[in-house]
Amino acid sequence: MRTADIVILDFGSQYTQLIARRLREQGVYAELIPFNTSLNDIKAKEPKGIILSGGPASVYAKDAYFSDEGIFELGIPILGICYGMQLIAHHFGASVVAAKEKEYGKAQIFFKKEHELFKDTKDGQVVWMSHSDKVENLPEGFEVIAYSENSEYCAYGDDERKIYALQFHPEVAHSTFGNTILKNFAKYICKCESTWNMGSFAKLQSQKIKNLVGDDKVLCAVSGGVDSSVVAALLGSCIKDNLIVVFVDNGLLRKDEAKHVQETFKTRLGINLISIDASETFLSRLKGVTDPEQKRKIIGNTFIEIFDKEAAKHTDVKYLAQGTLYSDVIESSVAGASKTIKSHHNVGGLPKDMKFKLIEPLREIFKDEVRALGLELGLSRDLVFRHPFPGPGLAIRIMGEVTEDRLELLRKADVILRQELKSTGWYDKTWQAFCVLLNVHSVGVMGDNRTYENAVCLRVVDASDGMTASFSRLPYEFLENVSRRIINEVEGINRVVYDISSKPPATIEWE
Ligand code: XMP
């Protein structure tokens, strides 16, 4: 069964996900897979085309990343982008060297010949380059399609083997006709049709899950957030009675969150939750722990232990379903060649000897796509447009040790921020908003007395998929109001600051 029109081998470029996004926007289902996926696994997906993404490595370096060379013999059209382009050159015997002039940013390209890859695009179009290596000579059997001032071999290809290579990044918005070039590859070279949409994605995933699960049971852990709710709804629609939905209160949730989740599932989704209060276990294991990665791993392991225990109470539970997204996968760097940023608890934080097999139907898509899927499955807008909340919860928003007292302090500040966002309409205009409890004390004056209390930081960001973010330009009056309320109403906090860092280089969460 074909599971992807086009597979994209991910060599670690920060733009890889955009390639998939651009193709899906045109109705072509593209799936990102690690660069070292086995040839058999690639073949099993029956793709009509393969794209080799960009990446930070050099093909001539000792630690270069190579995919299975068998891909070049499959007879499936291939498009290499940046690192992928150099990989093609290297594979077919051309030399790739460090360029004297590194090329970053805009460049103009000119056609050497007319080609369907560039159909409906303009000679002299602007493209976006980001490379420090260059292809020195053309591999045998290939022809130049386009060149730039600095790159003689900006686009080249072999129409017989249907292998094409681009030095620039068509997926970024600065490449004026980039979308058209990707569409042309899919439509004219791979012969893909524009039939994909969220409805077809839901159907395909349901079919895959049904085939995989058979009569076994699936434990689905929900947090009340968008991702796990969408997974539960998707599973509920296809495996019905074989689904066991579990909600674990880890003691690291926002105020009244546990109650809210139970109500939502029961009344809105008609799913009966098994609720487990494990707050004492989580908090006792986090005692004295200050290192962010250690916190994440402890939380991940404890979750699995609790799921294991719950599963033992039912027969035939073989699978654990999670709402892992592509952005979680790539930041935990299990997807391929990118560097580990942090262990997302539902990806990098899982124990190696876990008994369950994982089902992660959202692993290939991004938050905004998950939201579209949620609407497609009939979830309420209120649930679908909730701000993301991380699996490790407030533990990664408390700098230093997580204690019951500090959790309470953070919850009180957090409620005020959320109340103000909702009452002013800013909640729906921002991607995510929360408070971070800092591990610094500062001096203040309240009435006529000196105080020496905690500081909280407000983190409010705009983003479209969480991969990049900028701080929200909230009005000063809003910030002033939230600050005043927190300091007046929450005993133990005497200072409020606003985080104005963007991602990258910062991340959205503080740990
Ligand atoms: P960062 O902090 O990595 O966050 O810029 C990007 C988005 O992911 C959320 N996040 C997590 N979600 N488990 C999750 O389910 C995690 O371990 C985790 N860490 C971060 C974060 O809230 C933001 O929306």
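Quick reminder: no glycine exception, Cβ is built from N, Cα and C everywhere.
What TrEMBL says about this one:
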type     : residues                                               : note
ACT_SITE : CYS82                                                  : active site, nucleophile
ACT_SITE : HIS169                                                 : active site
ACT_SITE : GLU171                                                 : active site
BINDING  : SER223, GLY224, GLY225, VAL226, ASP227, SER228, SER229 : ATP binding site
DOMAIN   : 196-386                                                : domain 'GMPS ATP-PPase'
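Shown here: features listed in TrEMBL, placed on the structure.
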residue: CYS82; record: active site, nucleophile; contacts (Cβ under 8 Å, 6+ apart): SER13, SER53, GLY54, GLY55, SER130, HIS131, LEU166, GLN167, PHE168, HIS169
residue: GLU171; record: active site; contacts (Cβ under 8 Å, 6+ apart): TYR15, LEU18, ILE19, ARG21, ARG22, ILE81, GLY178, LEU182
residue: SER223; record: ATP binding site; contacts (Cβ under 8 Å, 6+ apart): PHE247, VAL261, GLY323, PHE389, GLY391
residue: GLY224; record: ATP binding site; contacts (Cβ under 8 Å, 6+ apart): PHE247, GLU257, HIS260, VAL261, THR264, ARG386, PHE389
residue: GLY225; record: ATP binding site; contacts (Cβ under 8 Å, 6+ apart): GLY323, ARG386, PRO388, PHE389
residue: VAL226; record: ATP binding site; contacts (Cβ under 8 Å, 6+ apart): GLY323, LYS367, VAL370, ARG371, GLY374, LEU383, VAL384, PHE385, ARG386, PRO388
residue: ASP227; record: ATP binding site; contacts (Cβ under 8 Å, 6+ apart): GLY323, THR324, LEU325, LEU362, LYS367, VAL370, PRO388
residue: SER228; record: ATP binding site; contacts (Cβ under 8 Å, 6+ apart): CYS220, ALA221, VAL222, GLN322, GLY323
residue: SER229; record: ATP binding site; contacts (Cβ under 8 Å, 6+ apart): VAL222, THR264, PHE265, LEU269, GLY323, GLY374, LEU379, LEU383
Beyond the site residues SER223, GLY224, GLY225, VAL226, ASP227, SER228, SER229: chain residues whose C-beta lies within 8 Å of the centroid, for ATP: VAL222, VAL230, VAL231, GLY323, ARG386, PHE389
Other CB atoms within 10 A, centred on HIS169 (active site): 24
Conformational class of GLY225 (ATP binding site) under the three-state DSSP mapping: coil
Overall pLDDT for the domain 'GMPS ATP-PPase' (196-386), taken as the rounded mean: 86
